[in-house]
Amino acid sequence: MRTAYSVETVRTAERELMDRLPDGVLMQRAAAGLAAACADLLRRRGRVYGARVVLLVGSGDNGGDALYAGARLARRGAGVTAVLLAAGRAHEGGLAALSGAGGRVVEHPSDTSAPFDVLAAADLVVDGITGIGGRGGLRPDAVPLARAVHESDAVVVAVDLPSGVEADSGEVVGEALRADVTLTFGTYKPAHLIDPAREYAGAVGLVDIGLGAVLPPVAELEALQHADVARLLPVPTGESDKYRRGVVGVVAGSARYPGAAVLAVAGALHGGAGAVRYVGPAGDAVIARFPETLVHAGPPAKAGRVQAWVVGPGLGEEPGVRDALASDVPVLVDADGLRGLNAKVVRARKAPTLLTPHAGEAAALLEVPREEVESARLTAVRELAARYGATVLLKGSTTLVADPDTALPVRVNPTGTPWLATAGSGDVLSGLTGSLLAAGLGARDAGSVGAYLHGLAARSAARGAPVSAEDVGAALRVAWRDVSEEA
Ligand SMILES: NC(=O)C1=CN([C@@H]2O[C@H](COP(=O)(O)OP(=O)(O)OC[C@H]3O[C@@H](n4cnc5c(N)ncnc54)[C@H](OP(=O)(O)O)[C@@H]3O)[C@@H](O)[C@H]2O)[C@@H](O)CC1
Ligand SMILES: [K+]
């Protein structure tokens with residue numbers, strides 16, 4: 001499991017750890033890890049001795065880390081120049097260390113083109129403008145430097161965070177530095193796991209500075225990995241029959257969108273339930289493709305017992321949502337089922353409800369513009385979970401799963417791929433996730449395991465080429481096998 005902690009939690013832990021250690025030890029640990037990673041990158045492109053390294057240095061400790069790491073590289077023969085964005089406020093000890101090691105210093109802004117000249121010739125740039133203390137994106141002075149960095153051929157290493165991203169939310173206000181590699185300290189922060197910031201961070205490495213021992217046991221965010229998912233997968237036992245493995249009811253499709261029914265059933269057949277009961281007008285299309293499905297014209301209340309319902313994909317105006325919500329089993333609501341969803345009705349349910357909106361649907365539920373959800377995904381998913389008293393899976397570039405119990409970490413799906421942005425892939429996900437619910441997983445686990453397998457399936461089906469939703473459905477078995485081999 002990968003976990004991420006908020007800035008406030010990190011600061012508290014850092015104070016506790018600092019009290020136990022001599023002054024400056026944490027920064028030296030950070031700088032040593034940073035310098036070692038930079039030296040590795042330089043060696044891969046040539047060698048450290050004689051390499052041209054530029055440090056972008058802000059006014060805080062993030063700049064201090066960069067300066068001390070720069071001093072270590074200078075001692076190994078690199079030509080290191082620090083560009084000070086807040087001359088007079090740069091970390092004193094770091095500056096002294098750098099000049100003691102033979103590093104140079106230039107100021108920005110300045111009357112000369114020196115900062116831009118050194119950037120144009122750099123092999124490696126260390127971004128130490130801001131870390132967890134940065135607010136409000138890059139300031140105007142820093143923007144031309146960031147652009148010069150992006151135009152150069154240098155490898156860009158961000159200290160702790162790419163400067164300009166918001167650590168706690170993953171938001172990017174205006175412009176931010178784009179890094180090839182980000183070295184963070186002690187723990188990941190939300191921005192390392194959530195888009196758009198995650199994308200700016202490049203490959204993220206974690207430097208152990210001893211913070212783990214003082215961080216609280218429950219993180220703000222967590223990302224499951226293969227072994228975690230393997231432990232959660234439902235596995236049939238000797239006593240299992242199709243009913244004991246769980247029956248999932250799929251209320252999807254309409255005369256206009258019969259394909260959504262087929263795709264949701266494709267997902268449901270691969271999610272661990274023992275049987276899939278399809279309810280709606282697209283029974284013929286479903287049976288033609290998946291003869292093992294039990295079909296019923298509806299309404300859901302008359303279709304027979306299930307252990308979980310999936311309602312919404314391609315439903316149009318067809319009824320069924322109310323019936324499913326009135327049941328006493330877990331319900332997953334997706335797509336058309338989310339339209340006009342009544343928060344009071346959802347809150348009053350005794351069994352779990354799992355809502356699976358994309359950004360547009362989430363925006364409609366929250367009555368805010370879509371861009372607001374896209375730029376602040378973590379806030380949006382938490383707000384929806386609180387408002388509906390439901391588990392919410394917010395689909396998108398980084399899929400997030402929030403539980404209505406705010407003490408539980410929000411789950412971030414690490415297996416996403418841009419190839420998943422294809423028509424019908426959400427229908428496969430809702431069927432799959434509903435099937436996991438019917439097989440006995442809780443809503444939070446079903447949502448995060450569903451998103452994980454769905455992303456893996458898309459990756460394995462795509463392998464760098466476009467995929468259809470049907471391909472994703474067909475590759476779910478491969479993803480399941482791939483994960484369960486870790487158990
Ligand atoms: N936590 C840990 O365990 C450890 C933390 N360590 C390191 O410390 C870092 C945190 O250091 P920090 O607290 O000094 O904050 P930091 O990110 O350098 O920035 C704050 C400064 O920037 C300024 N400023 C604000 N916004 C700005 C903007 N948009 N654009 C430009 N400037 C802006 C603001 O001053 P202002 O100009 O607003 O007066 C303030 O002076 C952390 O990320 C990690 O690298 C490691 O050494 C070891 C262990
Ligand atoms: K930085």
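Every residue gets a Cβ built from N, Cα and C, even glycine.
The K(+) site in TrEMBL is built from ASN62, ASP127 plus one of SER99, SER110, SER152, SER163, namely SER163.
Residues LYS395, GLY396, SER397, THR398, THR399 are recorded by TrEMBL as AMP binders, and the candidate that the same record lists for that site, out of GLY389, GLY424, GLY426, is GLY426. Around SER163 (K(+) binding site), the C-beta neighbours below 8 angstroms that are at least 6 residues distant in the chain are LEU56, GLY58, ASN62, ASP127, GLY128, ILE129, THR130, GLY131, GLY134, LEU138, ALA142, ALA146, ALA176, LEU177. Ligand 1 lies within reach of ASP61, ASN62 from the binding-site residues ASP61, ASN62, GLY396, judged by a C-beta closer than 6 angstroms to any of its atoms. Close contacts with ligand 2, defined as a Cβ under 6 Å from any of its atoms, occur at none of the binding-site residues ILE132, HIS358, GLY396, SER397, THR398, THR399. Among the binding-site residues GLY64, ILE132, ARG135, ASP160, HIS358, the ones whose Cα sits within 10 Å of the Cα of GLY426 (AMP binding site) are HIS358. In the structure shown, across all protein chains, LYS395 is the one of the binding-site residues ARG135, HIS358, LYS395 with the greatest number of other Cβ atoms within 10 Å. Across the fold, the C-alpha of GLY64 ((6S)-NADPHX binding site) and the C-alpha of SER397 (AMP binding site) stand 33 Å from each other. The binding-site residues shown are LYS395, THR398, THR399; of these, the one with its CA atom nearest the CA of ARG135 ((6S)-NADPHX binding site) is THR398.
Cα-Cα distance from THR399 (AMP binding site) to ASP61 ((6S)-NADPHX binding site): 32 Å (rounded to the nearest whole number).
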